[in-house]
Amino acid sequence: MASSVTACQGASPYQPRNYQLEMLEASMKENIIVAMDTGSGKTHIAVLRIKAELDICPPDKLVWFLAPTVALCIQQHEVIASNLPAVRTRTLTGLDKVELWTEQSIWDAVLNGYRVIVSTHAVLADALSHGFVKMSRLALLIFDEAHHCTRRHAANKIMRDFYHPTLTKSGPGAVPRIMGLTASPVVRSNHQELLTVESNLDAVCRTPRVHRQELVKFTHRPHLQQIWYTPTDPAGFKSASQTLGALYHAWETLDIGDDPYIQRLRKSPLDDTALKKALLTGKTYCREQLRRFVDRSRHIFEELGEWAAEYYIYASIKQLGDRVRNSYMSGDWDEAEKAYLVDFLSKIPASEIQLALNDPGSFRISPKFESLLNFLDSLDEREFSGLIFVKQRATVSAMTSLLSVHPCTRERFRCAAYVGWSNGSASKDILGDLLNMQLQRDTLDDFRSGRKNLIIATDVLEEGIDISACSVVVCYDKPPNLKSFVQRRGRARRKQSTFAIMFPTDDASADVSKWQDLEQAMIEAYQDDERQLQSVSALESLDEEVMERLTVESTSAVLTADMAMAHLHHFCAVLPPQPYADMRPVFSFETNEDGLLKGTVILPSCVHPKVRRTEGRRWWRTERAAMKETAFQAYKALYEFGLVNDHLLPLTKRPELKSHDLGAMPSILETSEQYDPWIEWAYSWSSPDIHQSRIVVRMNEGRGDELCMRLMGPTYLPPLSPMTLFWNNSTTFTVTFEAAERVPLVPLSSVEDMRAITALYLKATNSRVCSSERDFTALFAPDLHHTELKGWLNAYEGCDPAMEVYSRGHNPLLMGVVRDHSRYGEPFLFRKWLVSDQNPSCSVVELECAPFPHRRNLLHRQRLANSQVDVDEETPESAAKNPIVAADACTIDRLPFTMAIFGLFISAIVERLETELIATRLRETILRDVGFKSTDHIITAISTPFAHALTNYQRYEFLGDSILKFSVSCQLFFQHPNWHEGYLSEGRAMIVQNPRLAKAALDTGLDAYIVTKRIASRKWSAPLISEKLERVPAKRQMSTKVLADVVEALIGAAYMDGGHATAQACIRRLLPEINLHAVDTRTATRSVAPESARHMMNERLKDHIGYTFEDESLLVEALTHPSCDYDSTTQSYQRLEYLGDAVLDMVIVSAIFNHPIQRPQGDMTKIKHAVVNANLLAFLCMESATSEEKLDVAQTSKDSFAVTTSQESVELWRFMRYRGQNLNAARDASLARHRALRDEIASSLLHAPHYPWHALSRLNADKFFSDIVESVLGAIFVDSGGDLAPCEVFVERIGLMAYLRRILDQEIDVRHPRSVAQQLAKTNIQFVLQRVPNEEGGASYQCSVRIEQAELFVVTGCLTAEEAEVTAAVEAIKFLTRDEGSTPLNTS
């Protein structure tokens, strides 16, 4: 059947090696046979070659990978599919019954949509011979175990019958490129055959030439050991084993005339010829079954001994009986043949074998097997992993059983059998084949994982099959040829491993050096380095002087060739570290006709493509000199490209990234005093240009009478927005201001009257003794003409004794404020008169009053029983009993309280006017070029939280922070196309850090306009002209953070006022170095994508993203992981990921901020952090998939097939371009956790009232999953010319916006479990993390939870520190809420 595996299980750690890149480059220039030792990474070179070919070939071309066995096809397909997850690949083997596909339509359907096919040689040879596949459709042919391409092998048939004729007829453009892979190009110990293999494959044999030392470093040759044994007498079996002797006697005396086949032929006169042939040859189906069974039994006796032979005979007879009883057999075998075989074997005295024997002497074994046991017993390895090669399949099953039960081995070895997937003649055998093919499916995985540590196998495991490096390999029989010797030895590739060969004591050809000598002769045929090793060593000892020199005039810094290597390595060492990527420079060399060398160096993929690859300029005799000169040229190019400063050092943590020297800025700074607009008003009264505004006060939104007043000032009055004042929980006052108008010719007397009226209002509502000064800067009066003010003042100024008011029968609704002089004039509100008639001659008059309201800050709603009541506010005594006061001790103000109440509003109005004047001044001075339409947003941005104003900057600071980060990121990205992500991140950090923003506030004078004064305090007093004229300028203390916050808040305010354009103008005013308008987003330097990018980045991906790129190189770059070192023309995605991170922040923050439900800054910050959480982005990346149709072939009857269709999901992560088995393993581990947690996380995102912190922490996805989302987002932003709209579409497409809307609409709880636990504990709760190393060199994490230094519990066995902390917090929540009905956080 076809294999469609997408993950390579148990992949061993793998890192890019120079010699593999060398072989890749060689294969791109010509057809080659890669000849390297087993385990040195030939398959990974093939994977790189496939990637490169898919990048350049048309999309209708195929890459065809050929392997000699089905098992090897399955394994190699797993490796290819794991490394090319976005490419559709499949296997075609006999398991698919390919030999029955006899129609072109079937082949067309099978190959439709696939780019890489893995098959045996015979499958492709047959397909080519029948014309189902054309040679012209193949782009690349890869021959694994290429030494098979000789004589009549199917591999050679492909080349001889199809490749070479097509090449001769149509030229090289009509045939595929060729790559061969082999560890032993000479099969039969004849090194001359190398030339034949090269000719047949139209390729030249290559081993890594320059990097031979690296190849040796990674390839471990085992210790070679001989195991001698005394051979068994072949004729001794008759007397040694009763069961085997009886079987052999029964076979020798078998009468062919009793065979059912012979009897059937005798009954039919038409079958006379067949009868004569059968009698002459003695071959019938039953006799062949018995003959092979007897031969195998004898072989097992000779190889393993009597016990194994008897076990094999007994187990085979039992198996046959079970099959007959279960109707297992089918086909042409009739009932008579069944009965005949069963009857024959029933006469053999085979008794049941005892397996649980403790005495080694009970196991009658052969001298050969005893030698093997002695050898195995001599091994002293804690981590044993071994492989035993035997000749026959029957020996595999018998030896596996014997080793599994023998007392000397059963406790030490965990054995498994492996014979591959091609049944061969065993498919016709129903007797003596004890191996269950299904049981070996997991054998290799079990061996890799350590569940099995010893495999007994036939030669199927010689070639190609990827098994873990073994510490011991035993050849139970001599290798038949040099190829087997090399291949088997290559399996023992652990350090200090052993390769053992068993020899009989009478073998004259046991000289192991025979194979070693032949192998050395073969190597010398294609490896110049080995033949010329001494001359090369002599050359390298030469002292070649490299005279290159670079001097920087401005600093006198000098770079010489001798220093260049150290400088270049240092430059790479300080690049942003990346897991799975080698950050070292990679050197390679080319040789000219004179044997001279020229170097090339390739830097890590985060470096810009223009300077990533540098070639030397001269030819040298030694590698050392070539490396020096190449390193010099590379570092010189980095300097000229702006990645190294004038001191010839990398820019990281250097002044080049610091636009301002901030030094060590303290956290608290001395700043200008808050700008006081009343000072200017005080001076303006000397020659006033009087303006006034009509004020209308309405109670409860207009239900009731209006109170109309006037506000007068000596200069222009800015427009004031309506104000809502909260009297109590049921009463509000709305204060509106009409447009101010200029009032000419106001007499001085009228101004004085207004001063007196203002003082009257302020005194009427104040229990404190008021100042006698009346030179107020802002004046208030009733809405009367100025000529009427004197009469009004005479009517309402002063007070009357309460008894006098009582005697006049004054209207209670027009009563003024009651003042009790027995209590030092304490004010009360009149309720009613109380008259006592107990003494008729002298009635007692009293007043029932209400307490005078203490609240002064009417801008905020009254907060009853709230622990957060302001310190200067008291909870009203509305529930207290109304006080009774004596009338003769009281006076009552003439100004009715219905009018006097306005005095309580004056402080709020004056404070509001003051803030408006500050904002207006700021708008007209520092921010005059920004283009604010009004001051409303400015007021919010400059009001600090401790001013207790109606609004403060916190929400705008949240918005402005993201806008600033976004703007700075864009500016640096487009302005510095040569900078890698490390420089960009550091440059951004320098600009957006609090000290830089605080300095911007100080440099522009913004600090003076930050409102910190407490609004509407009970100690408030009206500003006076005399005080303001005498005011001495002072300083105030302010934190660096407040200054920075206001800068960010103003940026947010500008965005709210006029969108991105106004925000950019504000940034430009406060931070002159950021001018995004001057940057052309269309001219950013981009990587040069390979021509083939359009083929790899097919329509599936474009549909997936939902955006069509004008410049597809951006998409290629967005999907290029830093480990992708094989493509030096494309930069890794780190720059785009850096930009996409800021774009994502901007998209998310805008959605949060503009939601109808306004949330405080803290809640918005929590939501943002939850939504852009890397694990959530990674989960959505894993979930983001498009569906496409997949064609396949299904068998409908014995000989017919039909095309079937199905849907296949293609996830976004599959398109990432990378290299490395360690990344594969990490990716597959993340995907396995995703499969385990998917339902839980998906359900939480759709239905849970809480954010799935716990499940996401257990997901622990590798960072590259979330990086892909951000890098694609950055690519869309760049390609669209800086348009956020298509970015929002992509964020919507992956499902992030839908979840954000659910969080906002349904108020999902996004608090982190640690925060919830800390709130519940109401005391000091500690989470103590600890890394716990394990024996394998890894580590797990544990977290202990402590309250008041007492340990509650410990969570252990977590994959990461984050998972440990979150799990511990969840358990703490359960503990702290154990007595409650529910918990505040979902702990599932």
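Glycine is no exception: its Cβ is also placed from the backbone N, Cα and C atoms.
According to Swiss-Prot:
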- M36, D37, T38, G39, S40, G41, K42, T43: ATP binding site (BINDING)
- E1137, D1267, E1270: Mg(2+) binding site (BINDING)
- 23-203: domain 'Helicase ATP-binding' (DOMAIN)
- 371-537: domain 'Helicase C-terminal' (DOMAIN)
- 564-658: domain 'Dicer dsRNA-binding fold' (DOMAIN)
- 919-1059: domain 'RNase III 1' (DOMAIN)
- 1098-1281: domain 'RNase III 2' (DOMAIN)
- 144-147: motif 'DEAH box' (MOTIF)
- K1263: site 'Important for activity' (SITE)
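The structure, with features from Swiss-Prot marked on it.
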{"residue": "M36", "record": "ATP binding site", "DSSP class": "coil"}
{"residue": "G41", "record": "ATP binding site", "DSSP class": "coil"}
{"residue": "E1137", "record": "Mg(2+) binding site", "DSSP class": "helix"}
{"residue": "D1267", "record": "Mg(2+) binding site", "DSSP class": "helix"}
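Around G39 (ATP binding site), taking its Cβ as the centre, 21 other Cβ atoms fall within 10 Å, counting all chains.
Across the motif 'DEAH box' (144-147), mean pLDDT in this model comes to 90. Its Cβ taken as reference, K42 (ATP binding site) is surrounded by 24 other Cβ atoms within 10 Å in the chains shown. Looking only at the recorded positions E1137, K1263, D1267, E1270, the one with its C-alpha closest to S40 (ATP binding site) is K1263. Shown for the domain 'Dicer dsRNA-binding fold' (564-658): DSSP residue counts in helix, strand and coil, namely 35 helix, 18 strand, 42 coil. Apart from E1137, D1267, E1270, the residues listed for Mg(2+), the same chain places the Cβ atoms of Y1133, Q1134, L1136, Y1138, G1140, D1141, S1266, I1268, V1269, S1271, L1273, G1274 within 8 Å of the centroid of those Cβ atoms. Secondary structure of the domain 'RNase III 1' (919-1059) per DSSP, as helix, strand and coil residue counts: 90 helix, 8 strand, 43 coil. Per DSSP, the secondary structure of the motif 'DEAH box' (144-147) breaks down as 2 helix, 1 strand, 1 coil. On a Cα basis, K1263 (site 'Important for activity') lies 11 Å away from E1137 (Mg(2+) binding site). Residues within less than 8 Å, Cβ to Cβ, of E1270 (Mg(2+) binding site) and separated from it by at least 6 positions along the same chain comprise L1136, E1137, G1140, D1141, V1143, L1144, L1177.
Fewest other C-beta atoms within 10 angstroms, among the binding-site residues D37, D1267, are seen around D37. Note: the CA-CA distance between G41 (ATP binding site) and K1263 (site 'Important for activity') rounds to 27 Å.
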